[in-house]
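Asker: For Ala11, Pro12, Ser13, Gly14, Ala15, Gly16, Lys17, Thr18, the entry in Swiss-Prot reads ATP binding site. For 4-183, the entry in Swiss-Prot reads domain 'Guanylate kinase-like', with the evidence type sequence analysis.
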Amino acid sequence: MNKGKLFVISAPSGAGKTTILGRVMANVGRLNFSISHTTRTARPGEQDGVDYHFVEQEDFIEMQEKGIFLESAYVHKNYYGTSREAVMAQLSEGVDVVLDIDVQGATILMESASLPATYIFIAPPDLSVLEERLRKRGSDSEETIKLRMGNAAGEMLSSRKYDYLIVNDDLAQASTLLKSIIWAERAKSRRTPAGLPIKLVVE
């Protein structure tokens, strides 16, 4: 069985990544979302085990020390990590996996080179648009918004390390671009847009 492909997607907070991923995940088959662990508080509407695995900091650090995470990072005063076992199990079954992780976590994966992946960065048109989106979201304090904006400039520069850059100035277009990238990468690994292996007849 062909192994699945890993898609690593990063963006500054407020760039629209979650909305874009929601649209794409609903329309692309054989594509699973890897649910990260985090120590941050759940936002309104978020569900444990669906959006994130919400854990206490001491539990996260214990998991970190046991080597449970494929990557982990401390971002915006909270810990985030990706379960190694969960990702590898899905890839071994031929299912493509999406990792929604920050630039720190993505850089760890890039530098380790332990797992082939396609890296995609989603950016806002500019930082003023990003700040406007963060304020409209209404879930962050003024201190948190300033922290996220302070980190955003550096995150945008890191987009140069990624294989693809999507600028989200139009939600529908950005969603279509992400879907097209996934289909193109599947074709490179001899899969149909639906993610199924292509059977070639050799005479």
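Glycine is no exception: its Cβ is also placed from the backbone N, Cα and C atoms.
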Asker: Return the single residue from the binding-site residues list (Ser13, Thr18) that has the minimum number of other CB atoms within 10 Å.
Answerer: Thr18
Asker: Tell me, what is the mean pLDDT of the domain 'Guanylate kinase-like' (4-183)?
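Answerer: Residues in the domain 'Guanylate kinase-like' (4-183) carry a mean pLDDT of 92 in this prediction.
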Asker: Please report the number of other Cβ atoms within 10 Å of the Cβ of Gly14 (ATP binding site).
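Answerer: I get 22 for this one.
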Asker: Taking the center of the Cβ atoms of Ala11, Pro12, Ser13, Gly14, Ala15, Gly16, Lys17, Thr18 at the recorded ATP site, which other residues in this chain have a Cβ no more than 8 Å from that point?
Answerer: Ile122, Pro124, Leu130, Arg133, Asn168
